[in-house]
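Asks: I am attaching a structure below and will ask some questions about it afterwards.
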């Protein structure tokens, strides 16, 4: 982006003298040139000034056509005195201009070539710092992502831990129930064994009682000694009958014993099967519980490691943020310092520009008056005091036009145009 700015400066009005020429005056031209280059804030301003001063020794001669009037002599003497004083001022201004040029040249040599300060190393430092800030921001984002991943992993482990804990509690509850079942089964088995023992004792008691009754009956029969003859059919053999009854009782007892043995054997087998099954289930449950405890310990260890890693990452994040905060404060301080230097440089350039404009206005005034004196000295034959007095009341305006070409906020070229307007 480039654009051109044009500024116009008008100096204050001043009075100029009319043209007077004396025939006996010889004029010797003296020329001087000045070139000033100054820069502020990375912009340059080139000002070239050329001026010509005509001076000479004014001899004492009478003014043609004026009749030796005393007032005209006094006027010429006054003009000569003013010319000498202005020539002295011009010399002083040239000396001051050379001194200012040397100062400006020294200042430009200190600031760099062509009045443009080299900000390249600052830009390079800023770019490096920006790259570091970007890299640190990426590292910070990666650390935050790792923290989020660790937090999610910790949440997953917490959910797994709660699930495994619920499973463990359920298995422990099942084991407790199975233990109650085993205890109930053992109690039932003991009760059945007690009943079997009682039935065995009852069977032995019945056998003994039966034998005693049989022996009693046999004794009664043997001791009676009675012979009864009855015209009746042949009586049955009592011993045989008793043997049959004994055999029936023994068969019945054997049958009852076998049924009881079979029943209680079946009950014992069923109880043993149940106990074996429950024992296998208990062993499986104990194995599962052991595995769950190991898994729980592993998860607790992983959870502790994740917590420690999370704490370390948070500490690293805090340190990184603190370090970058300090770096940002340092960079802000550097930027403020550079901005203050830039503002001082611009202010110094503006001050020097104002001083130069003031000197240029004075120089233009002096050149105009010197030109007037030169015309007075050259055109002495046509000089008229009334014309000189009339022309002394005329006004002149110095118009100074400055044109600057700005590209991307920087002044790349500047031209000055000075014009003297008479009124």
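For all residues, glycine too, the Cβ spot is worked out from N, Cα and C.
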Asks: If Swiss-Prot marks one of 35, 340 as phosphoserine, which residue does it mark?
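Replies: Going through 35, 340 one by one, Swiss-Prot flags 35 as phosphoserine.
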Asks: If I look at Swiss-Prot, which residue among 19, 24, 235 would I find recorded as phosphoserine?
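Replies: Of 19, 24, 235, Swiss-Prot lists 19 as: phosphoserine.
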Asks: Out of 57, 239, 279, which residue gets the phosphoserine annotation in Swiss-Prot?
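Replies: Per Swiss-Prot, the residue annotated as phosphoserine is 57.
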Asks: With DSSP as the reference, give the number of residues of the region 'Coil 1A' (72-107) in helix, strand and coil.
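Replies: Breakdown, helix to coil: 36 helix, 0 strand, 0 coil.
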Asks: Can you break down the region 'Interaction with DNAJB6' (236-384) into helix, strand and coil residue counts using DSSP?
Replies: 141 helix, 0 strand, 8 coil
Asks: Between the recorded positions 73, 170, 240, which lies closest to residue 365 (SUMO2 cross-link), Cα to Cα?
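Replies: Smallest Cα separation from residue 365 (SUMO2 cross-link) among 73, 170, 240: 73.
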Asks: Reported as an integer number of Å, what is the Cα distance between residue 363 (SUMO2 cross-link) and residue 170 (phosphoserine)?
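Replies: The separation of the Cα atoms works out to 108 Å.
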Asks: Within the region 'Tail' (381-423) only, compute the mean pLDDT.
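Replies: That region's mean pLDDT is 59.
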